[in-house]
Structure formats: C-alpha cells, structure tokens
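**Student:** Take a look at what Swiss-Prot says about it:
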- Ala53, Gln54, Thr55, Gly56, Thr57, Gly58, Lys59, Thr60: ATP binding site (BINDING)
- 423-432: compositional bias 'Basic residues' (COMPBIAS)
- 40-219: domain 'Helicase ATP-binding' (DOMAIN)
- 243-390: domain 'Helicase C-terminal' (DOMAIN)
- 395-432: region 'Disordered' (REGION)
- 165-168: motif 'DEAD box' (MOTIF)
Amino acid sequence: MSETHLSTQRFADLPLHAEVIQALNENGFEFCTPIQALSLPVLLKAKDIAGQAQTGTGKTMAFLVATFNHLLTTPAPQARELNQPRAIIMAPTRELAIQIAKDANLLAKHTGLKVGIVYGGESYEVQREVLDKGVDILIGTTGRIIDYVRQGVISLNSIQAVVLDEADRMFDLGFIKDIRFLFRRMPDASSRLNMLFSATLSMKVQELAYDHMNDPEKVEVTPEEKTSKNIKEEIFYPSTEDKMRLLLTLMEEDWPEKAIVFSNTKHSCENLWSWLEGDGHRVGLLTGDVPQKKRIRILEQFTSGDLDVLVATDVAARGLHISDVSHVYNYDLPDDCEDYVHRIGRTGRAGNKGVSVSFACETYALNLPAIEQYIGHSVPVSRYDREALLDDIPTPVKIHRKHPTSRTRDGAKGAHRSGGARPPRHRTRRPS
C-alpha cells in the first residue's frame, strides 16, 4: 500500500483491544487510511457514524475493526442463545459479502469470535449448518438473511453492532425494504453500535441513517474529483468495424497485469470473451447468467493471477473488490454516468496507479457528454493508426467450448504462437 494513501494515525495508538492490535500487526496494518483515522476515534467511543467514502479507501477495515473491538469490550447479552449473532454486516452483493468475510477472518484469528456468511446462489442447507453451530458476526446479503430470520434459523434479538455497507447501492438495487425489515427485528438503536457507509450521503441515505441509528455523526472523506488522479484516462473513437481489433491491439501493446473489460450487454461480453480467449489471453467471463459457484471460482482465479483478464457487465461486477487491477477497458461507454466512475474505480486503488481506456463507438458515443459533465472534466482523446491494427487475429473460441484454465502466457497455445514467449506484433502508436 502506498504511503501517500495513509494518514499519520497508527492503529497501535488507538484504544483498541490487544487481540485486534495483534491481528492488525500480523497482517501489516500499521497506519490508518483517512476514513479509518476519522471514523475509529468516534466508533471507539461507542458513537454511531454515517460515513461517506468511496470503495478502495479502507472503509471495510474501519467497520470491521470497530465491530470486533466492540464485541471484545462489551459483554454479550446474558439471555443470548446459540442462534443469535451479536453483530450483523449487510452488503448489497454476494461478492462484496465474500470480500468482507475474507477480511473479517484476518481479524478473527486470535479473538475467538466466529464469522459466518450467507448469500443467495449457494446451498441453503450448507449455510444453515454453519448458523446452527452459532456465529458471533453474521455477514451477508439481505435477502438470504431474511430467509433465515423468517424460518427461525437465526434471531436478531442479541445484535450489538450493525454495519450497512454501500447504502447507496442498496437503494439502487431496491433492498431498502429488506433493510428496514431487519432493523425492526433488532434491539433498539440506542443499545447497538450502528455504522453506515456510502459513496454518497444523499438525503434518502441520511433519512435511513436517522430512522434506524442513534444520532449518527457524519464522517466524510470526499475526493475533490469523482475520478482518482491516480487513474490515467483516455478515449478512442473507433468505427464498429475497428472496435474489436483496436481492443486486441491495445491489450497486446499494454499487456496489462490484471485487466477488467466492461461491456453493456451479456451478448457483447460473451463475444468479447470469445475473441480474447481465441487470441490467447487467460480470460474469465462474468455475467448475470454465470452460476454462483463458477463466479466464485473465476474471481478466485482472477485474484490469484491465474486469469489476467475479466470480462464483465456492470450488474455482474457490482461489489467486486479486487486489488492490483492495472487496467480497465470500457469496450462500451456505460449508459449510467455513475457506472463510469464505478468501472474505472476498479483500478488506481489504495494509492496505486491505474489506466482507463474507453471506446466512444458509433452506438455509445452519445453517452460521453453526460459522463464528462458528471465527472467534471473531459476525457483525453487518443488516436490510432488503422493500418497498424493487428491483422493476424485468430478465430474466436465458441462460448460453449470448455477452455483450459491452466493456460500461461509463456508457451500458451494459440493460432499465432509457435510456443515460447509471445512473438512481437504490430502496435498502434499513441500520444504519450
């Protein structure tokens, strides 16, 4: 993590439980990020907060540290039963819930607190078996949590800490009725530590906070610009005919360490996967139709470096928190301005540099003026030499074909390879 992304506040200087400090030290957390430095002193006084912070700012560790510390320093309710978690963390997507649980397990190692996770798309009974053994901190999506509450599998009568993450996305996805349902089944707000985090503290988000929290203090870490200065943005104006060849040429030129390619439709994503796979890239496909187990496997492969490229729709990519994404390619400009910010925000995180490349094609170029107005600046235009685009592109792979997951860059088999390192190919020349 870049030091410029951190504050001067040390975790060790905060009044945290010794076991929390030990877990932070073991995982390399010494200095707080700005949102952690602002929110933890408030939360450690058992005061509620409504925090405004973008993804990639460290807000997840902020509320996890506060949650673990609160449970370790506050006695559990005397009448608590095995099916009653002490803390609940609600997330808008299963991918975000999985990431939160992964981070929570880093802190749970020395505390004796049990972490459980529930979300749709996975076996109801398998997740129930975990709950039946008892969990202290329950992480999940609202729909699956409600299922277990209604079935009497869990009770929220002993909740002592509540986290609502990405509240603005909860509104976007229509989950607010679910959230209010769950809040009404918890102890009074005055007997809980309540935390809400959102990229924007709109009036509807603030109303939710004040309805179900105890006079929360507003904590804001708002960037001066909607897009990070760490991200180099550029845009091309390709013809429909050139669009795919331009993407493949740029990806060969950039040779990104880890890239996400966004498109607006499932069909377009499948087409992109076919061409990228045919060209020898190690690529995963993430659309709404991909089964949950396969989604998890693809994300694990992408995170570990077994896949270099992820092709995704906006809906399928919501809630993803993957570090070290070097490049984002907007094959289609999104129809929603906020989606542009969310897309390119996958790179340039935690103080790292990132690159965003967008295509303003004949179909989606009309989306650009609204996007530029929303982000407050023009995206620099880059030009390409049509004659320099790749002309030896292999045939795309059919989507139903089972493709190998063990492919590597060196020695990968493809129509343009004869084995060994990738041979040199024509490249576009872009202005520096």
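Backbone N, Cα and C define each Cβ position, glycine as well.
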**Student:** Around the ATP site (Ala53, Gln54, Thr55, Gly56, Thr57, Gly58, Lys59, Thr60), what further same-chain residues have their C-beta within 8 angstroms of the site's C-beta centre?
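**Tutor:** The surrounding set, listed in chain order, is Thr33, Ile35, Phe197.
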**Student:** According to DSSP, which of helix, strand or coil covers Thr60 (ATP binding site)?
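**Tutor:** Looking at the DSSP assignment, Thr60 (ATP binding site) belongs to a helix.
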**Student:** Look at each of the binding-site residues, Gly56, Gly58, and point out the one with the fewest other Cβ atoms around it within 10 Å.
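**Tutor:** Across Gly56, Gly58, these binding-site residues, the one with fewest Cβ atoms within 10 Å is Gly56.
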**Student:** DSSP-wise, what's the residue breakdown of the domain 'Helicase C-terminal' (243-390) into helix, strand and coil?
**Tutor:** 64 helix, 23 strand, 61 coil
**Student:** Counting each residue once, how many in the motif 'DEAD box' (165-168) are helix, strand and coil under DSSP?
**Tutor:** 2 helix, 0 strand, 2 coil
**Student:** To see if you understand the setup: which same-chain residues, six or more apart in sequence, place their Cβ under 8 Å from that of Thr60 (ATP binding site)?
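**Tutor:** Same-chain residues close to Thr60 (ATP binding site) (Cβ under 8 Å, separated by 6 or more) are Gln99, Ile100, Asp103, Asp165, His321.
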**Student:** Mean pLDDT for the motif 'DEAD box' (165-168), as a whole number?
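**Tutor:** Result for the motif 'DEAD box' (165-168): average pLDDT 88.
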